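Here's what TrEMBL has on this protein:
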- 11-444: domain 'Aldehyde dehydrogenase' (DOMAIN)
- 226: active site (ACT_SITE)
- 260: active site (ACT_SITE)
């Protein structure tokens with residue numbers, strides 16, 4: 001075991017109820033100072049954020065071990081390094097992202113100064129989750145800071161050590177008025193949600209997600225929900241079952257299965273099932289040894305309530321255990337488990353498992369997997385192991401999910417250039433990398449025009465005439481496009497130029513004469 005590095009004074013203390021409204025007010029007032037708009041301020045806060053993770057790595061790793069028995073490699077790879085990588089990505093691109101975008105516009109708008117400005121939203125609330133307490137609380141905070149917002153984070157009270165560490169470290173490293181931590185359970189969170197925010201991001205289950213949405217509706221607050229559900233894993237015949245099994249077992253059992261994008265169940269044909277079970281057994285043994293309970297790399301269930309719920313899924317009423325099934329209530333240990341012949345009416349199949357239990361569902365033909373997936377809620381992730389490119393393309397195009405991954409599990413979440421998020425019951429909105437910056441920004445349409453060129457604007461002013469209508473029709477009335485030709489493109493450009501020249505000549509002869517004089521002088 002790791003030595004206990006958590007200071008005894010860092011036990012989780014809930015925020016006092018009476019202080020919650022004033023904490024929110026401090027955040028709103030801080031945003032009104034406009035200091036978060038400054039590039040140098042944002043960059044400095046991100047640098048301090050990086051230092052907070054780097055300088056306290058041992059404490060953070062210990063907190064994850066205390067809460068989830070998380071192995072050091074998993075703690076670093078799936079939490080701390082992901083946050084540091086995200087911070088560096090934002091620092092590198094921050095100046096570019098803050099510039100906004102100058103969109104491609106029609107010829108008539110070329111001189112209108114059209115731009116999409118990325119505005120901070122204001123005061124942001126981020127409600128984290130207990131299964132990856134640092135990643136799912138602090139990683140979205142990176143995007144909120146980068147986008148220029150003030151932030152209140154609410155860590156999960158279930159991961160007590162991790163929540164206590166965040167409450168201790170954040171005010172030591174980040175601006176105390178702009179970035180704050182509130183800890184608590186139902187009562188504190190209920191009052192927190194009654195405060196006015198400009199954006200709420202929640203990671204967790206659908207039940208609480210609905211509560212968050214109802215609270216946000218009171219102020220019409222935009223909300224990003226990162227939920228979960230049952231992420232299917234389709235295994236096609238003919239693929240390398242040993243490789244597929246290793247990647248499935250890793251994705252299923254990292255963090256003891258308590259991962260929102262973990263493969264929740266396998267779909268395969270009857271002839272594939274038994275060879276796959278053999279490969280899964282081999283993978284478990286190679287990862288965790290003969291007795292996974294003794295492995296330093298296998299985690300534990302977060303609390304007694306979750307342990308009891310998962311233990312009930314191991315009953316004969318739910319399915320037949322072919323691998324694992326061992327439990328230890330005192331340690332909250334459940335071994336990596338594979339089950340076959342699952343009861344379709346049981347919680348094993350109907351509810352998200354969120355633990356190290358993996359049922360295998362047989363389907364008559366592999367293409368029936370598409371029907372099976374589409375008959376259920378849209379998942380946060382959908383996995384397929386296959387060498388068949390046509391099947392891969394069919395599953396991609398004929399199903400709907402937050403993400404699709406062929407021949408691996410979980411790894412899409414480590415790519416900052418890909419958006420991470422769900423669809424429908426598995427969530428709304430996305431983040432990671434630029435998508436985080438975008439998630440916590442308002443895309444403001446900006447047009448900065450000159451007070452000159454009034455001749456062109458005369459076309460839209462009363463009194464109207466057939467001549468003005470003719471020009472308007474030429475510029476704005478569009479037909480469905482036909483296949484482009486060089487001649488056709490040149491004709492369109494000539495027509496647009498002629499319309500603009502005609503407007504200037506007809507409505508502003510002085511301007512016309514000035515332009516012609518300039519051309520002659522050249």
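Glycine residues also receive a Cβ, built from the backbone N, Cα and C atoms like all the rest.
All annotation found in TrEMBL is predicted automatically rather than curated by experts.
Residue environment of residue 260 (active site) contains 26 other Cβ atoms, counted within 10 Å of its Cβ in all protein chains. A straight line from the CA of residue 226 (active site) to the CA of residue 260 (active site) spans 9 Å. Reduced to three states, the DSSP call for residue 226 (active site) is strand. A sphere of 10 angstroms centred on the C-beta of residue 226 (active site) encloses 27 other C-beta atoms.
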